Amino acid sequence: MESCNVELIFDHIGHFGRFQIVLYLICAYQSLSCGIHYLSSVFLSIIPEHACKPPGMVRKAVFHNVSAWRLEDILALRSPEHKDHIMVELQDGEIWELTRCSRTWRENTSHLGYEYSGYKHDSPCFDGYVYDQSKWRNSAVRNFNLVCDQKWYARMIQPLIIFGVMLGSITFSYLSDRFGRRMALWCTSIGVFFFGIASLFIFDYLSFMITRFFLVMASSGYFVVVFVYVMEIIGKKARTWASIHLNTFFAIGAMLVALASYLLKTWWLYQIILCIVTTPFILCCWMLPETPFWLLSEGRYKEAQGTVDTMAVWNKSSSCDLVELLSLDVTRSHNKSPHSIRKHRLADLFHNLDVAKMTLIVWLDWFTANLGYYMFGKEVIRRKENEPLYLLLVGAMEIPAYICLCIWLKRVGRRKTMLLFLLVSSLTCMLHVVMPSDYKTAKRMVALLVKSVISSVFAFIYLYTAELYPTTVRCLAVGSSNMVSHVSSIFIPFTSHFSKVWIFLPQILFGILAILSGLLSLKLPETQDTPMKSTWETTEQQVPENKDSLGEGPPDSFERWDSSRALSFAERWGLSRASPDAEKWGSGRVPPDAGKWGAGIAPPVTERGASGRASLEDESGGSGRAPPEKNTEMENEIENMKVSNLGGF
């Protein structure tokens, strides 16, 4: 099936009519929900300031020169850099020294101060812990006491979420290519709804981890599939900005997380509000039809015709007959077995050397973008006292970045955009390195700028990847790239260890990687203003002067015979049929030797055995009819056809 013919559907029914607008808003709303569930884990795994709980009611608490009647008030003033213990006097007169993970009883009850040389007795935190409640009145860490010797359980939350994102990306992208976009969207939407509600009714650490894992797995799978879905349901004229601005809704979701975390200090109430926001989508996800691209790639023409007719009715436009519009493709698809039509394997992304190179470059771009996204995102929000504020700024800065990206993409091609944005991110990263460490606010603003540029790369690379690959593996290509990109998230916690070698080593490595990725992106095909492809066959049959999507033209030894020339020759000389290779080689191609010998000139006749085959007359015993005696022009053209046929076999 010719992808350009599929694109012609939107010329009939509209590129972004009422039907597509409704579907887009439904998909965008759920993208907002994915942003909420993605980033809510940022605050779920925060370890608040804490201290070992004393075995009684506190009468007075002292921390250096500060005293208070409540231990929680002292904890609100203490930062992670403070290592000294807190002195407390209980109602019964006992004095205890409290650290984060231990407590010490003093024998002398008359001295409440740091200078003490009497008898002490250490004991574990049998009574639990006291937490700072200025930010959160309760949280996952507090509910499950994930501190001290249980602290590694809290640190497992983020790696598990990353693994869920990776698994969701590759799993649901495969299911999308195999069973359809709509089926994958239904499964992920139900998963987001079900596990979002289930996360409200958990009372132990294991249940918490299971629900969060499947929740982010479904959210990740949804965002990958919905991006491809939007690109295939919207016409070429509105496809770029519509797909890019799905990330805008994702950023709005991140801003809502920051706002909710600032206003709601109770963890369970915070979760309820976020789940309520994401619930309405489940009521309307059944409206999503399958995309014409996927249906046609699977040979399901009746269903595709029904979808196109429905879209035409909603858009108040004229429909089109797919059998007439895609008649050549319908005939071709009948000659294919179901096995040849349905190939949805990760190995298809490496089915030849050129495709393998393209896939590896795309994966490197994804890896670099994700590395910078989380590295500088961590740099921006690392200040413990203002996490919601900086997360809000991160989301707010991404929105104008996406708008600028859409404007830029209208004027510059995909490859140049990728190169430019990666180079800008590398240069701003170097600016962040050379700035004095005393300018903390300025450095944080530069990190915010780098984060915004990398966010644009991240939004754009979804679009570019979907345009590079055909429908049969499009979602798998985006999903596998997203999975590879999150491999970089595994290295983010180790950047602090790299900083011990040299404080700027992580930023330097990212800057070098960004330059390398940008330069290699020039090797990728240009997809601006080109129709999306439907199969690998259409990917490899692009015109030679523009080169196909794999970066090369068709092989010289297998050039196609122009069927229109063959038919005109048959009509001119009254032959019963055209060249036997006319249908085989397709239209729009020239004979192998046409460029070499020129039009209307016959090449030298190949002698018997020179090519490993006898001439056509030797094998068949002649043409079976005598040529016109006085028509040399006809003889030359017949001889041209014979010699050309030898090259075809």
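Quick reminder: no glycine exception, Cβ is built from N, Cα and C everywhere.
Summarising the annotation, Swiss-Prot assigns compositional bias 'Polar residues' to 530-544.
For Asn65 (N-linked glycosylation site), no same-chain residue 6+ apart in sequence has a C-beta under 8 angstroms from its C-beta. The feature N-linked glycosylation site is assigned by Swiss-Prot to Asn65 (among others), with sequence analysis given as support.
If you look up Swiss-Prot, you'll see Asn108 (among others) marked as N-linked glycosylation site. The Cβ of Asn108 (N-linked glycosylation site) has 12 neighbouring Cβ atoms from other residues within 10 Å, across all protein chains displayed. Secondary structure at Asn108 (N-linked glycosylation site), taken from DSSP and collapsed to helix, strand or coil, is coil.
Asn315 (N-linked glycosylation site) falls within a helix when secondary structure is assigned with DSSP. Per Swiss-Prot, N-linked glycosylation site is recorded for Asn315 (among others).
Marked as region 'Disordered' by Swiss-Prot: 530-560 (among others).
Residues annotated as region 'Disordered' in Swiss-Prot: 579-649 (among others).
Taken from Swiss-Prot, the feature transmembrane segment covers 19-39 (among others).
The transmembrane segment annotation in Swiss-Prot covers 156-176 (among others), and the record cites sequence analysis as its basis.
Residues annotated as transmembrane segment in Swiss-Prot: 190-210 (among others).
The feature transmembrane segment is assigned by Swiss-Prot to 214-234 (among others), with sequence analysis given as support.
Sequence annotations record features per position, and here Swiss-Prot assigns transmembrane segment to 244-264 (among others) based on sequence analysis.
Same-chain residues lying 6+ beyond the ends of the transmembrane segment (268-288) with a Cβ under 8 Å from its Cβ atoms: 22-23, 26-27, 29-30, 32-33, 36-37, 40, 43, 138, 182, 185-186, 189-190, 192-193, 196-197, 199-200, 229, 256-257, 260-261. What Swiss-Prot lists as transmembrane segment is 268-288 (among others), and the listing cites sequence analysis.
What Swiss-Prot records for 356-376 (among others) is transmembrane segment, and it gives sequence analysis as the kind of evidence. Beyond its flanks by at least six residues, the transmembrane segment (356-376) meets 349-350, 418, 422, 425, 429, 447-448, 450-451, 454-455, 457-458, 461, 464-465, 468, 477, 480-482, 484-489, 491-492, 495, 506-507, 510, 513-514, 516-517, 520-521, 523-525, 549-551 of its own chain at Cβ-Cβ distances under 8 Å.
Per Swiss-Prot, transmembrane segment is recorded for 389-409 (among others), and the stated evidence type is sequence analysis. Long-range contacts of the transmembrane segment (389-409) within the same chain: residues 39, 42, 240-241, 244-245, 247-248, 251-252, 254-255, 257-259, 261-262, 377, 380-381, 383, 417, 421, 444, 448-449, 451-453, 455-456, 459-460, 528, each at least 6 residues beyond the stretch ends and with a Cβ under 8 Å from a Cβ of the stretch.
Per Swiss-Prot, the feature transmembrane segment maps to 417-437 (among others). Sequence-remote contacts of a segment are chain residues at least 6 beyond its ends whose Cβ falls under 8 Å from one of its Cβ atoms, and for the transmembrane segment (417-437) they are 365, 368, 372, 376, 405, 408-409, 443, 446-447, 449-450, 453-454, 456-457, 460-461, 464, 504, 507-508, 510-512, 514-515, 517-519, 521-522, 524.
Same-chain neighbours of the transmembrane segment (445-465): 227, 231, 240, 243-244, 247, 251, 362, 365-366, 368-370, 372-373, 376-377, 379-380, 393-394, 397-398, 400-402, 404-405, 409, 414, 417-418, 421-422, 424-425, 428-429, 431-432, 435, 477-478, 481, 524, 527, counting only residues six or more beyond its ends whose CB sits under 8 Å from a CB of the stretch. Here Swiss-Prot flags 445-465 (among others) as transmembrane segment.
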Spatial neighbours of the transmembrane segment (475-495) far in sequence, C-beta under 8 Å, 6+ residues away: 158-159, 162, 165-167, 169-174, 176-177, 181, 184, 220-221, 224-225, 227-228, 344-346, 348-349, 359, 362-363, 366-371, 374-375, 378, 461-462, 465-466, 468-469, 506
For the transmembrane segment (244-264): best-contacting stretch of 19-39, 156-176, 214-234, by Cβ pairs under 8 Å: 19-39
Under 8 Å by Cβ from Asn315 (N-linked glycosylation site), counting only residues of that chain that are 6 or more apart: Ile13, Gly14, Gly17, Arg18, Phe19, Gln20
